[in-house]
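J.: Here's a structure for you.
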Amino acid sequence: MERTNSSQLTEFILTGIPYPPRLRTFLFLFFLVIYTLTQMGNLLILLTVCIDSQLHARPMYIFLGVLSIIDMGISSIIVPRLIMNFTSGIKPIPFGECVAQLYFYHFLGSTQCFLYTLMAYDRYLAICRPLHYPLLMTLKICSLMVTGAWVAGSIHGAIQAILTFRLPYCGPNQVDYFFCDIPAVLRLACADTTINELVTFVDIGVVVASCFSLILLSYIHIIGAILNIRTADGRSRAFSTCGAHVTVVTIYYVPCAFIYLRPEANSPLDGAAALFPTAITPFLNPLIYTLRNQEVKLALKRMIGDRKGMRKN
């Protein structure tokens, strides 16, 4: 399709992910179930942290509750539109909704990066400096850190959205992706995008690389401290505490680095990789933290037990 010098576009068409037509119903139901379970699982974690008095006063679980909010947000921004692509007919996304989708995805995504870093720092203090932990990670400091992550994430998202949509979009309007993301949208701009691509690469690269480096540095110290623990039971409990965080960081950062930190971001695998931070990771986070965290499992049992007791009375 040729580009035209007509007026600014008022809507985009998301092509979605390629799939065999015979799998349309299966994929519709699959992602609908994924979305439903994501919302229910993260809401359950959030309620458990808020209700259980042994959890909501501890920084580690405050971070976990915030992570659940972010996961529900990212999933709600992306997955419903993805599900719509498995229904018949063309369903365009208005220009303003496309802007909002890009902004909130990068706002919440970068906030999640910062939050993973704070969670790693929290584990570093708890394991490497246990005697100083109550002084270095108070609820006030924890709240300030979380607030800082939200503010930094909103600034990052605003920068990306403003830079992307300051360009003219006059046609074509078909976004070869399942949501409005920077690389796919920039390919439709009626202007030179070199500066945008460079700024996006540097900006996202700095966020991802700095956060991942700090997480890696924290875990180098954590592993060293764990190896110095004399008892096997102590080492096992320490590794169990950190295992869930390492797992979710890995399945989040690897796809993000593949999508944004390559010179040519137009691979058929981009869509598959993008499913991880947008749909798969928010779905897996509650499972990983519930199955690998004894305190969360005990809190869930206490909450269920209290509800049963109230019914009997």
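For all residues, glycine too, the Cβ spot is worked out from N, Cα and C.
Note that the coordinates shown come from a computational prediction; the quantities given were computed from them, not determined experimentally.
Copying in the features that TrEMBL gives for the protein in this structure:
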type     : residues : note
TRANSMEM : 26-49    : transmembrane segment
DOMAIN   : 41-289   : domain 'G-protein coupled receptors family 1 profile'
TRANSMEM : 61-83    : transmembrane segment
TRANSMEM : 103-121  : transmembrane segment
TRANSMEM : 133-159  : transmembrane segment
TRANSMEM : 204-227  : transmembrane segment
TRANSMEM : 239-261  : transmembrane segment
TRANSMEM : 273-291  : transmembrane segment
J.: Could you pull out which residues elsewhere in the chain have a CB under 8 Å from any CB of the transmembrane segment (239-261), counting only those six or more residues past its ends?
T.: 109, 112-113, 116, 119-120, 123, 126-127, 181-183, 200-201, 204-205, 208, 212, 215, 219, 222, 226, 269-270, 273-274, 276-277, 280-281, 284-285, 288-289, 292-294
J.: At a threshold of under 8 Å on Cβ distances, which of 26-49, 61-83, 103-121, 133-159, 273-291 pairs most often with the transmembrane segment (204-227)?
T.: 103-121
J.: Limited to the domain 'G-protein coupled receptors family 1 profile' (41-289), I'd like the whole-number average of pLDDT.
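T.: Mean pLDDT, the domain 'G-protein coupled receptors family 1 profile' (41-289): 87.
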